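Copied from TrEMBL, the annotated features are:
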type	residues	note
SIGNAL	1-32	signal peptide
DOMAIN	27-119	domain 'Apple'
DOMAIN	123-200	domain 'Kringle'
DOMAIN	204-282	domain 'Kringle'
DISULFID	205-282	disulfide bond
DISULFID	226-265	disulfide bond
DISULFID	254-277	disulfide bond
DOMAIN	296-375	domain 'Kringle'
DISULFID	318-357	disulfide bond
DISULFID	346-369	disulfide bond
DOMAIN	383-462	domain 'Kringle'
């Protein structure tokens, strides 16, 4: 423990001052692995320019290990307020200004990110605002602040320095006043007055479960500092900002990306992974307008669905939300009052891709309720397609489940088979839905969800268009050997897409479809007229005992057959539906 002697001025004696000696002890910090980036706010793909050419930033410092090293350099300098970081060249450029400095402007950049010190760009204060370096210069009474380097009309003892930040006439708190930043006024009758800058905790409130909270609090309710969302230490996590663009996972601020009870964050304490944040609830006057609810269909991701569907797409009954059997979960109705978790109805309390529920089967925890149709008005009237949508050139850029599309020219999170260069005829612009391979299900896109390589888009067939027959014979495919991948096929291409892709040589892979041609389950062809699929796809079928049958041959092509020697075991989890084979209707699967 070290001892410090400090001379301070009591807030109540600003009319005149006297020295006061206090004995301070340097308290031990909360254990943690703090990153120097925690002191900065980042603007990705942004550059800060100064409009006066005579004023230039510092030179580029090359061969910097990462942005953290650059943050460490800037953080140790009193005259550094921001820095550019070049991701590709690992260059670092220190800046003596921020976006709120005179004669500066933000500009989009393809080469660097902008990091600015929080104390200079935050519009609220942490604690009592001693570190506040914002540009508010008017008091709560509407009086302009006096410049700190002036002694008129109110004389004072403060001398501006880089360390105390007493620049211009901006509100500051050099004496640690509990009321926050203040200033001397330009009114001789009012010596000083507080500026009324809100604390970050009070600046933004939480409504419902706080999924929409976008405040600047970066501490948990126990006082631990939050870990940055774009870092993976001390705690590795799946919530990378680039993969959850709609969650606004900015810096190390409290957020609620997973539909928890309230906003939270990972902590910088290696022993404590995550904690909730202490944030005020919004009053009735501050509550946002309620999302339009639907009863028989869903819009977007279905967070406003309030219908009574209570089974999964496969017909499995849902578990009650207020029950913990057969599946234990955190979605207790009393903790999610605004989510309408009544009975066992399909809902979307956590912002998933569609309404879902816990199922009543012990072996199946959750399932989506895809049998609930998307509302017709959720798709704009002009966004329809003819045929299979090969000529569609609209601007829809979300999947049928509301997931944003990945840009066709990017390789993250999925390596694309089709790009603007490889398929110039398909007009693969930005991240708009297209159909470069004439998929029979219509326009699709690669998604920004790492777990979903691609999906079809929220588009309908135009009213004056006739749907293609699902009995149309496909292209002829000749296999060298049943189930063996031919060497001339592009290995990378063939694994990217399965449903609706080019004909392959795995002839026992089957797409089960309804009368409208819509896919609802997959399966394996085990004989010309028999498909092995999941039990849940046919909820009305019951099995009382396990049986085992061996099917000797599988037809791979019209001109050839190869034996399949693996026996097929039918259990309570498997089912063998018969295909309606009639003369002349055979098609390769």
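Placement of Cβ uses the backbone N, Cα and C atoms for every residue, glycine included.
Quantities reported herein were computed from a predicted structural model and do not represent experimental measurements.
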Are any of 205, 254, 282, 318, 346, 369 (the disulfide-bonded residues) within 10 Å of residue 226 (disulfide bond) when you go C-alpha to C-alpha, and if so which? 254
Inter-residue C-alpha distance, residue 357 (disulfide bond) and residue 282 (disulfide bond) (nearest angstrom): 29
When the domain 'Kringle' (204-282) is classified with DSSP, how many of its residues are helical, how many are strand and how many are coil? 6 helix, 13 strand, 60 coil
Residue 318 (disulfide bond) -> DSSP, reduced to three states, gives strand
Structural state census, the domain 'Kringle' (296-375) (DSSP three-state): 6 helix, 14 strand, 60 coil
Which number gives the other C-beta atoms within 10 angstroms of the C-beta of residue 205 (disulfide bond), all protein chains shown included? 16
Using Cβ-Cβ distances, find the residues under 8 Å from residue 277 (disulfide bond) that belong to the same chain and are at least 6 apart in sequence, listing them in sequence order. 217, 219, 220, 221, 226, 254, 262, 263, 264, 265
Keeping only the disulfide-bonded residues of 205, 282, 346 whose C-alpha lies within 10 A of that of residue 318 (disulfide bond) yields 346
Do me a favour and check the Cα-Cα span between residue 346 (disulfide bond) and residue 282 (disulfide bond); whole Å is fine. 27
